[in-house]
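Colleague: As annotated in TrEMBL:
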BINDING   193, 213-216, 281-283, 287, 335-338, 515, 526-527  substrate binding site
BINDING   209, 211, 432  Mg(2+) binding site
BINDING   209, 374, 428-437, 439, 464-467, 490, 517, 523  ATP binding site
DOMAIN    271-371  domain 'Glutathione synthase substrate-binding'
């Protein structure tokens, strides 16, 4: 949990041990550093006898791409100095979130600020898998767009879920009304993020999920990338790491460009981009970065409204124009509306329907939202389903290669195996935002309970192969305190898609988010308090 922080001096910054247990069989890290212990002595101790010790020399002469050192072995004084400078950099450049302990931190900008939780050094990631994730991003964009156009597929695939999941049911009701009204979305905008883990046993890049609504951290992910580049430059005499191995990350610029293009296609110069936000949004600075770039680079104004605000202040004109608080809206950008808690009353559902009925560009539309659900992810993994939406055989193979095992809970053989081996699976509801998945003994008990009940509750969930990425030693910084732990990471690849009728205007990979968490944690959301922001170091 984030709390108020007074930035300590380099001499007083405490280097805390983690509260979490470490894995005993973690991988050796990819970082090269100058250690207190002589280099050859440490190498002889920590590397297999078949690997010759690295000769001492200037950092520029060291092969930066070889996995050599455990960052836990970095001189503690150097860690203190780096952490201090990282905190100063974050404070000055807006790598910030709201402090949960400050009452108004989610309501009033500039009140209750705290640095975003971060990894002190970037995380090693294979360049081949990085390129794979970037290459497949536009194909997933196209897939989501095609799926969104098949209303029958969405309704049929989610029909059983609708019976037992009230939230998904309400979304489907809105979608069905749009189908009945023959409402067409001529302008379709997607700001997506596909999340992956690298499975250690198979060395495969496997998709966790594809986010089509509220793909967070376009702003802060760019900042943490620049922070790591800055640290590697600043401490280059101590760290034999090449800042050029951290990929460029301009997702905030690409997202702003896509929003501006959609605004331009809508063709109402007096209209605004409306950001739909939660009433208390402690991740507001990530959102403000995007809106600031939108305004300064493209001269497009934005407004921030909750769903309740939109119900109270919104109306539809006869031509379909959405007007909120006197402002015509060209683009609706959802950073809320993805969880049942965002709809505490009928007011919020009325607002969602109002926006869907309007001519404004929705990011996402209701069909894009549904196309990103876990159940649709599982349906797309079935044999011959991708062929329904994609023609190119190479594209189909590239997408299918990213799929982990995905199953419906009406598969009795899989259920039996999951009960016997619960550690090999994860059970997922149709929810976003972290903290919702079921693991281990809890998964086993839930499956046994549902089998005994014999009702259709299982339709609200899917089963997914559990992915086991390699763990690495890392140094994390949270609440102004650095601590060591063994971690695993999840790569999120952003992509933008914009179509006007039959013309595709944008379809491209647009940046990335690396989230790192202690290896003992199942969940992975940064905003939910499980993970830290990180960047990629290509190896």
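Cβ atoms are placed via backbone N, Cα and C, with glycine included.
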Colleague: Would you mind checking how many other C-beta atoms are within 10 angstroms of the C-beta on residue 439 (ATP binding site)?
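Modeller: For residue 439 (ATP binding site), the 10 Å Cβ neighbour count is 15.
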Colleague: Cα within 10 Å of residue 211 (Mg(2+) binding site) is the criterion; apply it to the binding-site residues 193, 336, 517 and give the hits in sequence order.
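Modeller: Cα filter at 10 Å returns 193.
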Colleague: I need the nearest neighbour of residue 466 (ATP binding site) among the binding-site residues 193, 209, 216, 287, 432, using C-alpha distances.
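Modeller: For residue 466 (ATP binding site), the spatially nearest of the binding-site residues is 209.
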Colleague: Check the Cα-Cα distances from residue 214 (substrate binding site) to the binding-site residues 429, 432, 435, 439, 517 and tell me which is shortest.
Modeller: 432
Colleague: Please report the number of other Cβ atoms within 10 Å of the Cβ of residue 466 (ATP binding site).
Modeller: 22
Colleague: How many helix, strand and coil residues does the domain 'Glutathione synthase substrate-binding' (271-371) contain under DSSP?
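Modeller: DSSP composition of the domain 'Glutathione synthase substrate-binding' (271-371): 43 helix, 26 strand, 32 coil.
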Colleague: Take the C-alpha atoms of residue 432 (Mg(2+) binding site) and residue 287 (substrate binding site) and report the distance between them in angstrom, rounded.
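Modeller: Spelling it out, the Cα of residue 432 (Mg(2+) binding site) and the Cα of residue 287 (substrate binding site) are 18 Å apart.
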Colleague: Which of the listed binding-site residues (209, 432) has the least company, meaning the fewest other Cβ atoms within 10 Å of its Cβ?
Modeller: 209
Colleague: If one measures from the C-alpha of residue 336 (substrate binding site) to the C-alpha of residue 435 (ATP binding site), what distance in angstrom results, rounded to a whole number?
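Modeller: Residue 435 (ATP binding site) has its Cα 16 Å from the Cα of residue 336 (substrate binding site).
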Colleague: Determine the most Cβ-crowded residue among the binding-site residues 214, 216, using a 10 Å radius around each Cβ and all protein chains in the structure.
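Modeller: Of the binding-site residues 214, 216, the most buried by Cβ count within 10 Å is 214.
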Colleague: Tell me, how many other CB atoms lie within 10 A of the CB of residue 211 (Mg(2+) binding site), whichever protein chain they belong to?
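Modeller: A 10 Å sphere around the Cβ of residue 211 (Mg(2+) binding site) contains 20 other Cβ atoms.
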